[in-house]
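Following: one structure in structure tokens, then a few remarks.
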Amino acid sequence: MALSREVFYFGFALFFIVVELPSGSWAGLEYSQSFPGGEIAVCETCRLGRGKCRRTCIESEKIAGWCKLNFFCCRERI
């Protein structure tokens, strides 16, 4: 009885692995957005090292752009 249960669980797990395999592409790469432009792109100020990516900017900083979802590119006020 235990052997048939093990075979069932193995087949069950194998089924979900096969279902999750992409059809002819790398997993998720067709949906990812690359860096120049897009939701996960870092703004130019932060990319050049003039700012920092944070959830909220501190009082002495201003928002210079977006780093990724829910993150601002914060730069010192002049």
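Placed from the backbone N, Cα and C atoms, the Cβ positions cover glycine too.
Feature annotation from Swiss-Prot assigns disulfide bond to Cys46-Cys73 (among others). The local packing around Cys73 (disulfide bond), expressed as other Cβ atoms within 10 Å of its Cβ over all shown chains, amounts to 24. DSSP assigns Cys73 (disulfide bond) to a strand in the three-state reduction.
Annotation comment: Swiss-Prot describes Cys53-Cys67 (among others) as disulfide bond, evidence class similarity to another entry. Cys53 (disulfide bond) carries a strand DSSP state (E or B).
Marked as disulfide bond by Swiss-Prot on the basis of similarity to another entry: Cys57-Cys74 (among others). A simple way to gauge crowding: the CB of Cys74 (disulfide bond) has 23 other CB atoms within 10 angstroms, across all the protein chains here.
According to Swiss-Prot, the signal peptide annotation covers 1-27, on the basis of sequence analysis.
Each of the disulfide-bonded residues Cys57, Cys67 was scored by how many other Cβ atoms lie within 10 Å of its Cβ, and the smallest score goes to Cys57.
Listed disulfide-bonded residues: Cys46, Cys53. The one with the lowest count of other Cβ atoms within 10 Å of its Cβ is Cys53. Cys67 (disulfide bond) has its Cα within 10 Å of the Cα of these disulfide-bonded residues: Cys46, Cys74, taken from Cys46, Cys57, Cys74.
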